Every structure is written in structure tokens, then in C-alpha cells.
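Enquirer: Pulled the feature table from Swiss-Prot, pasting it below:
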type	residues	note
ACT_SITE	His361	active site, proton acceptor
BINDING	9-12, Lys23, Gln74, 79-80, 101-103, Gly137, Glu152, Asn167, Asn225, Arg331, Lys349, Tyr364, Asn375	UDP-N-acetyl-alpha-D-glucosamine binding site
BINDING	Asp103, Asn225	Mg(2+) binding site
BINDING	Ala378, Asn384, Tyr385, Ser403, Ala421, Arg438	acetyl-CoA binding site
REGION	1-227	region 'Pyrophosphorylase'
REGION	228-248	region 'Linker'
REGION	249-455	region 'N-acetyltransferase'
Amino acid sequence: MDSLSIVILAAGKGKRMYSSLPKVLHPIGGEPMLARVIRTARALNPSRLVVVYGHGGEQVRARIQDADIVWAEQAEQLGTGHALKMALPHLPQDGKTLVLYGDVPLTKASTLQRLEQAAAGGMAVLTDVLADASGYGRMVRGADGKLQAIVEHKDCTPEQLAIREINTGMMALPNARLADWLSALNNGNAQGEYYLTDVLELAVKDGVAVESASVDASWEAAGVNNKVQLAELERILQANQARALLEAGVTLADPARIDIRGELKHGMDVSIDIGCVFEGAVELGDQVEIGAHCVLKNVKIASGTRIAPFSHLEDAVVGAECRIGPYARLRPGAELAGHVHIGNFVEVKKSKIGEGSKVNHLSYVGDAEIGRKVNVGAGSVTCNYDGVNKFKTIIGDNVFVGSGTLMVAPVKLERDSTIGAGSVISKDTPAGELTVARARQVTVPGWKRPQKKSG
């Protein structure tokens with residue numbers, strides 16, 4: 001089999017995005033458009049992957065740091081043919097080259113494989129048929145149905161404007177012919193650019209077989225030139241991902257109200273309520289329930305756990321049969337064993353919480369290690385930061401922490417101890433004992449509140 005090279009054209013400025021961010025770095029599905037195109041390209045196992053960059057090149061290369069990518073600069077944006085010419089020195093003289101676009105993010109790998117296969121005897125172009133082909137290059141065929149040329153919209157005759165089959169821009173080309181064809185391009189057109197599409201006519205003149213492959217859906221070939229189009233493709237992507245979840249057995253309260261900005265793995269009988277956002281790598285075990293308006297980023301949740309509405313979890317691990325929220329926040333480094341309860345307005349960061357422990361109300365747990373079957377009362381805080389350094393709180397098994405307790409780290413509460421409500425614990429507490437650290441209650445007879453002066 002011929003070796004396959006892939007060239008991704010990503011040099012455009014994107015004026016209509018009205019942004020200092022290069023167009024190909026605008027996100028879709030939680031990652032830059034260019035990153036998504038690269039990921040799709042890799043599914044074809046190319047021997048070489050070249051990205052042609054131009055506008056905002058430093059930003060693009062800083063964001064996409066894959067070591068195996070070959071970078072080719074197009075200092076002046078003189079058209080797609082000129083862009084591919086910039087990649088030519090990096091391509092082998094044999095095999096095929098697949099040309100993709102950094103602002104066309106939703107093309108499926110299976111479609112590109114069909115395009116590659118169609119070019120087995122020469123070159124191939126990926127096409128689509130649109131009800132309204134305005135703005136697109138038209139596929140001009142002869143009486144025998146064979147492709148003869150691609151004519152850009154601005155250069156079309158009235159008869160050609162009636163053609164509905166359009167060029168998506170993606171094509172597969174024989175490397176042995178590339179240098180000659182690209183050198184033969186001229187910019188004698190309405191745009192004054194070197195069109196890659198003119199290669200098709202050169203191929204026909206040279207007697208090279210030109211075939212076509214079609215997309216399965218028009219959104220596969222849809223490009224992004226402005227924020228409206230980006231938003232439209234984002235919704236299409238999210239709808240596709242939601243449908244895939246439904247087909248795999250996940251229950252979605254409303255498929256139109258879920259956003260997946262990364263990879264979501266799941267077990268059986270998972271249910272997700274409305275308005276949830278999944279970012280990065282998220283893994284949900286069997287029978288996990290996610291309540292409305294939760295945000296999960298890089299988390300792993302074991303089977304049977306329920307996340308109540310409006311909870312935020314990031315870089316956290318949650319054990320089986322836990323109850324989280326509502327309005328709970330698990331920050332990076334939170335590790336919960338099984339059957340843990342984290343209630344409303346509780347924040348946990350860089351802490352391990354043991355089997356069956358509960359932190360149910362209005363509390364902060366940071367830089368802590370909590371044992372099994374611990375109860376942390378409402379309004380309790382691990383005071384872990386002195387303004388410069390952070391310190392650890394250790395709570396042993398079966399400790400009961402009364403409401404409103406401040407634990408000033410570094411401090412250790414030994415197993416089976418009880419802490420009286422309202423205590424400020426700054427020293428280690430002994431096992432199995434009651435510790436109370438608060439001022440004695442005092443009543444001042446006859447005390448009066450200060451009064452505001454009248455007038």
C-alpha cells in the first residue's frame with residue numbers, strides 16, 4: 001500500500017472571527033479546531049503529518065506541541081495551492097497526500113478513508129450536494145459523468161452556478177505529480193489566488209484518473225469563518241455525541257441540554273439530568289446518577305454514586321455509592337472512598353476521605369486525611385494555610401467533629417475522639433476522649449447595647 005501523508009492547511013487569519021486568537025485555535029467540543037482535525041487525521045495512520053501555518057503562527061505552534069508534526073510556514077496567504085506548495089519540501093516523492101483544513105473540524109475518519117481509497121488509481125476529491133450551493137466551488141462533469149474541473153463560485157458561468165455538487169476542498173493527490181501541478185498553477189482568477197482546485201483540471205489533461213467520494217452529512221465539510229458558524233457546528237457536535245450516548249444506553253433527560261468537551265466513558269444504567277457539562281476525561285461507573293447543572297472535569301466516579309444538582313467536580317476520584325451535593329465542590333486532589341456523603345456547600349480539596357464518612361453541611365476540607373466513619377459537623381473548617389505554607393489535618397477513624405469546629409493544621413484527631421461544637425483545635429486530641437476548646441459562656445447582667453445619638 002502507498003504511504004499516506006496528510007497536510008492540514010491552517011494559515012488563515014479568520015478576519016470575521018473578530019478575535020486576536022488564530023481561527024484554527026477557537027475551541028469546538030472543548031479543544032481547538034486544529035487539534036480535532038489532527039486527531040481525526042491520526043486515525044488514518046499517516047506516515048507524515050504536515051501543518052501549514054501562517055497568521056498567529058507562534059500561538060498555533062505553542063498550543064499544538066505534538067512532537068511528530070512537521071510545520072511549514074505560509075508567510076503570505078496566496079491561496080490554497082500556494083499553501084500546499086509550502087508543504088511540498090516535506091513530502092515524499094511517492095505515495096498519496098491527503099489535504100485537510102484546520103477550520104473544518106467535524107469530518108469523520110471513515111469519510112477520509114473513503115477519499116483515500118477513491119484515489120487509488122490517481123486523485124480524488126471529496127464532494128457534497130447542497131440545495132443551495134452559493135459560495136462554493138462547483139464540480140463540473142462531462143457528458144460521461146467524469147470530473148473535468150472545479151470552478152470557484154466567483155468564476156462560474158450562469159450554467160455552472162446551477163450545479164449543486166460542490167467541492168469541499170478536501171482531496172487526495174499523487175505525490176509523484178504534485179510538484180509539476182503546483183508549479184503550473186496561476187492566479188488569473190477573481191481572487192488573484194493560486195487555487196488548489198485547479199489541480200483537478202491539470203490531472204485531467206495529464207490523463208490521470210479523477211474520482212470523487214461523498215460526505216455522509218453536510219456538516220462533515222462545513223467550515224468556520226465566523227462565530228455563528230462555530231456555534232452551529234458546536235451544536236451539531238453536541239447533538240451527535242448525545243445521540244451516541246443514548247444509543248449506548250445512557251439516559252439523558254434532554255439530549256439538547258448536555259455538553260461534552262472531552263471524552264465521557266460510562267457503564268450501564270447511567271442517567272444524566274439537564275444542563276450538565278463534562279470536560280476532559282470523565283468516567284462514570286454503572287448506575288451513576290448526575291443531577292441537573294453539574295460540571296465534571298477529569299473525574300472518575302464509581303458505581304451507584306449520585307451527584308445532586310449544581311455540584312462541581314474537578315480532578316477528583318469518587319468511590320462507590322457516594323452521595324454528593326447539592327451545591328458541593330470537589331477540587332483537584334479530592335479522593336473519596338465508598339459510601340461517603342458530601343453535602344450542600346461543602347468544599348473538598350487535596351484530601352482523602354475514608355469509607356462511610358460524612359461532611360454534610362457548609363464545611364471546608366483541605367489538605368486533610370480523614371478515616372472511616374467520621375462525622376464532620378456543619379460549618380467546620382480545616383485551617384490549612386498560614387499565608388505562606390499549607391499544613392495537613394489528620395482525622396482518625398470514627399471521630400465525631402462537632403459543628404463549627406476549626407481545626408488549625410498541622411493537627412491530628414486520634415480515632416474515636418469527640419470534638420465539642422465550636423471548638424478551635426490547635427493541638428492533637430487523644431483517642432476515645434471528648435475535647436472541648438472554647439471560652440466559657442459568660443452572661444453580663446445589665447449590659448446595654450450602644451445607642452446611636454439622636455439628631
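Even glycines carry a Cβ here, placed using N, Cα and C.
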Enquirer: What is the number of other Cβ atoms found within 10 Å of the Cβ of His361 (active site, proton acceptor)?
Expert: 15
Enquirer: Give the distance between the Cα atoms of His361 (active site, proton acceptor) and Glu152 (UDP-N-acetyl-alpha-D-glucosamine binding site), rounded to the nearest whole Å.
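Expert: Approximately 64 Å lies between the Cα of His361 (active site, proton acceptor) and that of Glu152 (UDP-N-acetyl-alpha-D-glucosamine binding site).
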Enquirer: What does the structure give for the C-alpha distance between Leu9 (UDP-N-acetyl-alpha-D-glucosamine binding site) and Arg438 (acetyl-CoA binding site)? Integer Å is fine.
Expert: 69
Enquirer: Of Gly102, Glu152, Arg331, Ala378, which is closest to Asn225 (Mg(2+) binding site) if I measure between C-alpha atoms? They're all binding-site residues.
Expert: Gly102
Enquirer: How many of the residues that make up the region 'Linker' (228-248) does DSSP mark as helix, as strand and as coil?
Expert: 20 helix, 0 strand, 1 coil
Enquirer: Taking the Cβ of each of the binding-site residues and counting other Cβ atoms inside 10 Å, which one has the highest number: Asn225, Asn384, Ser403?
Expert: Asn384
Enquirer: With DSSP assignments reduced to helix, strand and coil, which class does Asn375 (UDP-N-acetyl-alpha-D-glucosamine binding site) get?
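Expert: It is in a strand.
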Enquirer: Which whole-number mean pLDDT does the model give the region 'N-acetyltransferase' (249-455)?
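Expert: The predicted confidence over the region 'N-acetyltransferase' (249-455), as a mean pLDDT, is 98.
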Enquirer: Do any residues at least six apart in sequence from Arg438 (acetyl-CoA binding site), in the same chain, have a Cβ closer than 8 Å to its Cβ, and if so which, in order?
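Expert: Expected: Gly420, Gly422, Ser423, Val424.
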Enquirer: If I restrict to non-local contacts, at least six residues apart, and a C-beta distance under 8 angstroms, what lies near Gly12 (UDP-N-acetyl-alpha-D-glucosamine binding site) in its own chain?
Expert: Lys23, Val24, Gly54, His55, Gln77, Gly102, Asp103
